[in-house]
Amino acid sequence: MPAFFCLPMACQRQVDSIDRSQSNLQAIPSDIFRFRKLEDLNLTMNNIKELDHRLFSLRHLRILDVSDNELAVLPAEIGNLTQLIELNLNRNSIAKLPDTMQNCKLLTTLNLSSNPFTRLPETICECSSITILSLNETSLTLLPSNIGSLTNLRVLEARDNLLRTIPLSIVELRKLEELDLGQNELEALPAEIGKLTSLREFYVDINSLTSLPDSISGCRMLDQLDVSENQIIRLPENLGRMPNLTDLNISINEIIELPSSFGELKRLQMLKADRNSLHNLTSEIGKCQSLTELYLGQNFLTDLPDTIGDLRQLTTLNVDCNNLSDIPDTIGNCKSLTVLSLRQNILTELPMTIGKCENLTVLDVASNKLPHLPFTVKVLYKLQALWLSENQTQSILKLSETRDDRKGIKVVTCYLLPQVDAIDGEGRSGSAQHNTDRGAFLGGPKVHFHDQADTTFEENKEAEIHLGNFERHNTPHPKTPKHKKGSIDGHMLPHEIDQPRQLSLVSNHRTSTSSFGESSNSINRDLADIRAQNGVREATLSPEREERMATSLSSLSNLAAGTQNMHTIRIQKDDTGKLGLSFAGGTSNDPAPNSNGDSGLFVTKVTPGSAAYRCGLREGDKLIRANDVNMINASQDNAMEAIKKRETVELVVLRRSPSPVSRTSEPSLNGSSHQLNHFDAGSPDSTMFVTSSTPVYAS
């Protein structure tokens, strides 16, 4: 009989794993301490405030998870658990590690993330068996100087801290495969970073780097490199010597050009180079035969190289917000292309070869100067979205055939064509031969049209060659790609008539995640209040009503007159370094909208709630002086340079009443008038002000 009673107790002593996670525990249950041979204890997601000293008598414990509790102290007795191989202290309130941690010689995984550490003891590096060390979201200002002693380290995560420098010994981590230093305050990387020959993933985004060490090419195993949101001007010339690189993110920097060795990146699949200062795209890009996604938005590109057509595996090409006047004919060789976004350029025509992109599902050419579209768009059977305007309510439009009298060829058009600012019969390619070549493509052997009669797509439904249904509705604009960085803006914004290239004054200074959320909510509330006060309507009007209201608004704008007053405005940049204004015009650009031909610089946007708004700057103000620099005959570049010099910006402006480009004094009348929702305060990229509709789907 006693044997039957002893059996359960014997079984209990053999228990080696206990899971009491999410049990609303205030303390470690006493019954746990009876299991002397316990090896795995999971107490995550409870309300435990301290670790009972009896816990440290469980000498066989190998895995201890006390993450997501309310621990403030890690007792020195932790050093008694000499068999420990995994310790998870994530999401607690521990501010200091005891030196006795060095006794845990078998420790392989240590997670200290989301604790208020300001420093780690040097003795932690005596645990040379550690392979994974997580230090994300602490308050670390320094890593241990002897971190190179962790010779078995494979993963080091130190994202979202206050690190300004990296110990030189880090280059001794020859087995390191993943290094995440993103969202810190780093100004430089160790010159010998290339010694990390096993490194596969390197994230150093959202820092203050101005360059990358040349030695980085020594990381020949690297396949993921993210240096986005820094202040990098040039990339190392030998960047192409990383043969395994597949994903490269250099977004939001000040990069002028890509290195000549770029074509050596034969395995590169994704390149994000948006929001830089690129004026030219190297022809070497065509040698990156594995490239599937290419993001070049918000640069200063005036053309694309012909070698773009060599990218046969390219599925996504985004060149929004540049200065492109034409697209090379070779684009037709990109047979895998599914998304082509050319929004907000100065395109006057698309090549006939666009019809050879047989897999194209989204074509975005809004905010250009296109008088019509090439007839070959009729053979894009898979097209689900054709964007021609910011005010467009349907993804696919009814297109009809017409003729280009200048070239004598058939083209297609719709009620949104010609686009605003389209110049009848004149393009900006500047090459007669170029135009001749494109015209000669008509009737060529690679694209054939069954019906040459002037019919609408709707009437063509019974044609022998089915041209697809161009009446599909509610096709969504493509979602943001799965890669890290988000889009610039998710709003459908109104298009400006006669809109020149706009400049936005944005500092490179970045906010923390917490402060950004607060500012986002504040901006959203301000926008909502202002919309309510001014009666701004966001409903989409019919094309006929838009045309009538546009005429009325044009007449009203011509009546703008009255007294002119000089104002001196001092603007203190906010915590993020932003002013919250945009301007247009200047000596080297077209006149600002509604400026009556005045070549001066005019404020075209003041973000509600911004520093500029609070200091009294208003849309329509003409810049006279900026920080003691004369703006009468200045260019936009001159203004930018003058304004960026100081934290406190002093502007002398000339204000006419009523304001010549006022947008907030009257309710929104039509699709071409300006609304107040110019940017999405909840977007990861809401620091960039956008002055026209940009439903961007690239990440």
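Using N, Cα and C of the backbone, Cβ positions are placed for all residues, glycine too.
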Stretch carrying region 'Disordered' according to Swiss-Prot (options 436-479, 568-611, 656-699): 656-699
Residue numbers, six or more beyond the limits of the repeat 'LRR 7' (175-196), whose CB comes under 8 Å of its CB atoms: 136, 151-166, 168, 202-219, 221, 226, 513
Intrachain neighbours beyond the repeat 'LRR 10' (244-265), with Cβ under 8 angstroms and 6 or more residues off its ends: 200, 205, 220-238, 271-282, 284-288, 290, 295, 483-485
